[in-house]
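Shown next, in structure tokens, is the structure this report addresses.
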Ligand code: IPE
Ligand code: IPE
Ligand code: MG
């Protein structure tokens, strides 16, 4: 097997058997952590870390798009992040608008399609407005899907799914024995998306923090100590390279591209 370093020239590895395995993950999910610590390390206020983190999204989106990744899901604000001081919550929820104000034209030019997962309705009006505008403006784009997890929490996502399936049963539209994995999938925020192939978490924490608990069942994990604002193209490249070397078996004995 050849080892491909970024920038990738090809996105397939050919094995001796002539079988080809796609090596670029189709769906990459990132827990963008460590903005506060990054700022703290340089004696800057936490908000500065969030701002740098936001600018880094641009770099990473560009690279993801260039590498042929189809979906990039970014954890931007969790259902637990409301616990932070009000001023920080307000700042964090202003960032999508700031980001889109500056970068939406670039996203459009790159043929990126913006989507979100999470409890959208509970977001402040100004956040919803800016994000909805970006969703609408990019709705017909056919390139990278930039899927922003905003006010996202996996447990509440599953609770909502269970409630809505229970209603269907109550109304006589579904028998309990008819509930299968696909039923649950179809009630999640991610219903239109394949599960992530690769999960990246920056800043050294080895936990999921309520992110995509159902969807990550067979995802490859990659952790780095680097804080999100310092997560460069070279870091991303290292993660993609590590992914290429993973042998995904999905419970079977042979390496498989997909379940
Ligand atoms: C990630 O950075 C941004 C969000 C969680 C919204 P943090 O703000 O969690 O930074 P640390 O983990 O405190 O360094
Ligand atoms: C996870 O980071 C959430 C986001 C990156 C949006 P946190 O910083 O909130 O996670 P914990 O609190 O360290 O688990
Ligand atoms: Mg954190």
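The backbone N, Cα and C atoms fix where each Cβ goes, glycine too.
Counting every protein chain shown, the number of other Cβ atoms lying within 10 Å of the Cβ of residue 33 (active site) is 22. Annotated active site per TrEMBL: 33, in sequence order.
Among the features that TrEMBL reports, active site, proton acceptor is placed at 81. In this structure, residue 81 (active site, proton acceptor) is part of a helix by DSSP.
Under the heading Mg(2+) binding site, TrEMBL lists 33, 220.
Positions annotated as substrate binding site by TrEMBL: 34-38, 46, 50, 78-80, 82, 84, 201, 207-209. Here the Cβ of residue 50 (substrate binding site) has 23 other Cβ atoms within 10 Å, regardless of which shown protein chain they belong to.
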- Near residue 33 (active site) (Cα-Cα within 10 Å), the binding-site residues in question, chosen from 79, 201, 220, are 201
- Would you count the other CB atoms within 10 A of the CB of residue 34 (substrate binding site), including those on all shown protein chains? 25
- Note on the structure: Among the recorded positions 33, 38, 50, 220, the ones with a Cβ under 6 Å from any atom of ligand 2 are 33
- Message: I'd like to know which of the binding-site residues 38, 82 has the most other Cβ atoms within 10 Å of its Cβ.
- Response: 38
- Query: When you measure from each Cβ to the nearest atom of ligand 1, which of the binding-site residues 34, 36, 79, 201 fall under 6 angstroms?
  - Reply: 34, 36
